[in-house]
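First comes the structure, then the notes that go with it.
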Protein chains: 2
Amino acid sequence: MSEQGGTGRHGRNAGGGVSVSGIGEFGLIGKITARLSYGPTALLGPGDDAAVVTAPDGRVAASTDVLVDGRHFRRDWCSALDVGHKAAAANLADIAAMGATPTALLVALCMPADLETGWAEGLADGLSAEASSVGASVVGGDMSSSPTLTVAVTALGDLEGRPPVLRSGARPGDVLALAGRTGYAAAGLTVLTRGFRTPRVLVEAYRRPQVPYAAGPQAATLGATSMIDVSDGLLADLGHVATASGVAIDVRRDAFDVPRQMADAAQALGVDPYTWILAGGEDHALAATFPPAVALPAEWRPIGVVTHGAGVTVDGAPYDGPTGWDHFR
Amino acid sequence: MSEQGGTGRHGRNAGGGVSVSGIGEFGLIGKITARLSYGPTALLGPGDDAAVVTAPDGRVAASTDVLVDGRHFRRDWCSALDVGHKAAAANLADIAAMGATPTALLVALCMPADLETGWAEGLADGLSAEASSVGASVVGGDMSSSPTLTVAVTALGDLEGRPPVLRSGARPGDVLALAGRTGYAAAGLTVLTRGFRTPRVLVEAYRRPQVPYAAGPQAATLGATSMIDVSDGLLADLGHVATASGVAIDVRRDAFDVPRQMADAAQALGVDPYTWILAGGEDHALAATFPPAVALPAEWRPIGVVTHGAGVTVDGAPYDGPTGWDHFR
């Protein structure tokens, strides 16, 4: 696509490395696609007008998430590799939350012209590694110069013959269960915001979420009635399930242990750790509801119940802390 | 996804309209999804963790393109509706260029917090209208605040049982043919750049490309050996085909009539109109190669030949004008 206006021609950026404008669009695309690896779901990878991906059951699950520099990540807090993992995880978790297995990622990358090419390569490595960890591949993308570094990712997935698990299927009497962890990434962000770099387990959780991808298809197979990716904060995301399903959800606070390092950090920083656990996003845990007769495997920890009514409560009472995020406020 | 940092809380923007930060993320998502319409390919539209789209032959074609404010469009030259049409067309054309029929779009929209909500709604209307024109639907997306207005679109498509038509299949002896028009959008851009608003046919072509979508699957059915969406400029994009196929391509200049209004504008602006026709992008014509025995229908106009060798020539000689665009230079 042609462009109006233009950036200056910089062969090298301020750091002395080769900049994306120095190498040019096609040079950079070549360098990046050479770093990617392709699994069996990628029938045709980058390099043509479109990629071709398997969709064995005749449907494809598809989700898009965008990360903006300074809002969803900071380059002084996260390496390019981290941002790649993080961007991929945010999207792959959405696919898992439908009960689907991810197959492919496509990436639209907007970069300042003086960005070092190594940053784009690191990003590609992170995206590719996170995708590979679930058998998916980075199959395509686009790049443009932009004043604001932005990574928009689309993930595709295979429902493997099952119906998608929606947000709208929770029923009174269902058990609410959680796979994965909450509060770690939010605690890590608070730690970084206050100028610290440790505890590492929290900071690393913020940099690279550990997503229980396999628990998504597992929940679908077990008969989960609803499921959601916890990206905005547990209570905020359960609020989406409660609204979509026309039910009330109660979370038991004692279902959550506060891990020692989180407790220590909370004390040092003067924060209630349950604010992180109940309202922090970005760990990409999966929350699902199951009929009470379902025997839950170890991956799925009961944390509450679904009842008649509306809204989300904690131990039967409204929660009065912060509950989540709005991207424009 | 949670965010670091934040924008100010502005209920209204400078123009007096309601801003995206005033209405908030979920309010805006509600307003936008209410404007969309869904065709039969959209098994599940926006509102859950992922959409679900039909992929009847067990494969899905997928492509991503990003448009950046000030680089790919200017808000004083294009309405939000225009940008929606343009962003959708750029992606849908990539799907058509594989010989596939588009099924769905997903959109990642990054917006300054003071952008009027009406702009986002207009964009959604344009995306949805362009998608609907080919039977596809806007099935999902994401939004974030960002200093730079950016529209990243992913298109999905159905290959309908045919092999994808690649860039790499052109063979010496093939006929090169074109569906759609070239030079109109580039001429329109030059007109706007020089401060004029007419001829309307050129300016409108720049604002909303007229893409011959149906010619893509038609070419695949006819046995096209290669195909590409002309987005960077005819000669530049044919260069990709020549390289991928290991062939030379010669274009006949006399295959192109210069339409009267383009000739008039070229004369008034002191431009060689063949610069627009041979090197201008953004009309999203489709260029394909066919075995010489194929009887081409009216949609496909022969414009050259494939030969042994390398590179692209015009009337047998190297072309010494500008040939295309690099997004970082």
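Using the three backbone atoms N, Cα and C, a Cβ is placed for every residue, glycine included.
A TrEMBL annotation is a machine prediction, not a hand-curated record.
Remember, predicted model here, so these are calculated numbers, not experimental data.
Annotated features, as they stand in TrEMBL:
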| type | residues | note |
| --- | --- | --- |
| BINDING | B:Asp49, B:Ser63, B:Asp94 | Mg(2+) 4 binding site |
| BINDING | B:Asp49, B:Asp94, B:Asp229 | Mg(2+) 3 binding site |
| BINDING | B:Thr64, B:Asp65, B:Asp142 | Mg(2+) 1 binding site |
| BINDING | B:Asp65, B:Asp94 | Mg(2+) 2 binding site |
| BINDING | B:His72, B:Glu282, B:Trp325 | substrate binding site |
| BINDING | B:Gly141, B:Asp142, B:Arg167, B:Ser231 | ATP binding site |
| BINDING | B:Asp232 | Mg(2+) 5 binding site |
| DOMAIN | B:47-157 | domain 'PurM-like N-terminal' |
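Among the binding-site residues listed here, namely B:Thr64, B:Asp94, B:Arg167, B:Asp94 has its C-alpha nearest to that of B:Glu282 (substrate binding site). DSSP classifies B:Asp94 (Mg(2+) 4 binding site) as helix under the three-state reduction. Of all the binding-site residues in the list B:Gly141, B:Asp229, B:Asp232, the shortest Cα-Cα distance to B:Ser63 (Mg(2+) 4 binding site) is found for B:Asp229. All chains included, 23 other C-beta atoms sit within 10 angstroms of the C-beta of B:Arg167 (ATP binding site). Taking CA atoms as the reference points, B:Asp142 (Mg(2+) 1 binding site) and the residue listed as 'Mg(2+) 5 binding site' are 27 Å apart. Most Cβ neighbours within 10 Å among the binding-site residues B:Asp94, B:Asp142: this distinction goes to B:Asp94. Applying DSSP to the domain 'PurM-like N-terminal' (B:47-157) sorts its residues as follows: 33 helix, 46 strand, 32 coil. B:Arg167 (ATP binding site) sits 34 Å from B:Asp49 (Mg(2+) 4 binding site), taking the Cα positions as reference. The binding-site residues listed here (B:Asp49, B:Asp94, B:Gly141) include B:Asp94 as those with a Cα within 10 A of the Cα of B:Asp229 (Mg(2+) 3 binding site). Its own atom aside, the Cβ of B:Asp229 (Mg(2+) 3 binding site) has 31 Cβ atoms within 10 angstroms in the protein chains shown.
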